[in-house]
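Just below is one structure, and these are the notes that go with it.
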Amino acid sequence: MLYPEKFQGIGISNAKDWKHPKLVSFDPKPFGDHDVDVEIEACGICGSDFHIAVGNWGPVPENQILGHEIIGRVVKVGSKCHTGVKIGDRVGVGAQALACFECERCKSDNEQYCTNDHVLTMWTPYKDGYISQGGFASHVRLHEHFAIQIPENIPSPLAAPLLCGGITVFSPLLRNGCGPGKRVGIVGIGGIGHMGILLAKAMGAEVYAFSRGHSKREDSMKLGADHYIAMLEDKGWTEQYSNALDLLVVCSSSLSKVNFDSIVKIMKIGGSIVSIAAPEVNEKLVLKPLGLMGVSISSSAIGSRKEIEQLLKLVSEKNVKIWVEKLPISEEGVSHAFTRMESGDVKYRFTLVDYDKKFHK
């Protein structure tokens, strides 16, 4: 199959002009023996795309292509690829594009925590200085390990958000024993939190949804939550649900705004609070000494290839349907999505589609 020497994408010129992305051509990174090229057909828009675009996490390189929840078809395979990936496969690509594959973390299926050669799918330099370019583009080039086959019964627009948002909440659920007989809380019912409810329920847990007010109650119950707590409006909820939860996953955009003095009261002894929040880079978390007696708190980031495969298997077998709004890939489409994300007007994930009309005519 033919493919272009240069790729095209919708780029952000700088953080001050994030509402006006432009169509640009760019050189892909040099093709490696273990690389694949993927012709993109859909890409989810994650909150981290917005954080980067507006400069919350640091400087934005000129004409940066964002997007890291990618679905597409493999069009080129490196000479030393060994995962079984082949031309024509429909694959998903998440937030990671490279790891060292040699350290203890990589060898124990924790490559997402590799500190030796960790490259994100976008906005991250390779060792040669090339800045990775993401999925708001015609193609993406990356290591085969991070191109994962998608089950046939998961439509591309619904599969895309699983590759970052979905795996980010699934990994702590999986690692902390979410399943039948467990009581699991999800704090923050946004894009990731709504997937947390769906996935925890699909895994067999009793699910508690937590939000600040009552505006998310109806949606949370439709998603499958068994209980709903409006933390700023309901009275006496810490007493009502005392010692209730085995696991609480914090999906809100800010961890520092979580009231741990209240949250710890509803945790079982030995329970776990796991944060997957991705706040602004300067945010600080302050905890009272010994304020979490008998309860552990930790953080989690994305997930391994093995965990993504387990997630896709669960979604396929349980026919989990995340709530997605489709938008056309274009300068206007990306700007529209970011503008609505700024105001919180998303129910509950955006996926960019119509790549064939924009790039593959």
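Every residue gets a Cβ built from N, Cα and C, even glycine.
Swiss-Prot lists Cys46, His68, Cys164 with the feature Zn(2+) 1 binding site. Look at Swiss-Prot and you will find Gly47, His51, Ile189, 191-192, 211-212, Lys216, Cys251, Ser253, Ser256, Ile276, Ser300, Ile302, Arg349 tagged as NADP(+) binding site. As annotated by Swiss-Prot, Zn(2+) 2 binding site applies to Cys100, Cys103, Cys106, Cys114. The phosphoserine annotation in Swiss-Prot covers Ser316.
Of all the Cβ atoms in the protein chains shown, 27 others lie within 10 Å of the Cβ of Ile192 (NADP(+) binding site). Under a cutoff of 8 A between CB atoms, and with a sequence separation of 6+ in the same chain, the neighbours of Cys164 (Zn(2+) 1 binding site) are Gly44, Cys46, Ser48, His68, Glu69, Gly94, Ala95, Ile302. Among the recorded positions Cys103, Cys106, Cys114, Ser316, not one has a Cα within 10 Å of the Cα of Gly47 (NADP(+) binding site). Each residue in Gly44, Ser48, Asp49, Gly67, Glu69, Gly94, Ala95, Thr121, Pro161, Leu163, Gly165 lies on the same chain as Cys46, His68, Cys164 and has a C-beta within 8 Å of the C-beta centroid of that Zn(2+) 1 site, without being one of the site residues. Most buried of the binding-site residues Cys100, Cys114, judged by other Cβ atoms within 10 Å, is Cys114. Note: the CA-CA distance between Cys251 (NADP(+) binding site) and Cys114 (Zn(2+) 2 binding site) rounds to 23 Å. A separation of roughly 35 Å, to the nearest angstrom, links the Cα atoms of Arg212 (NADP(+) binding site) and Cys114 (Zn(2+) 2 binding site).
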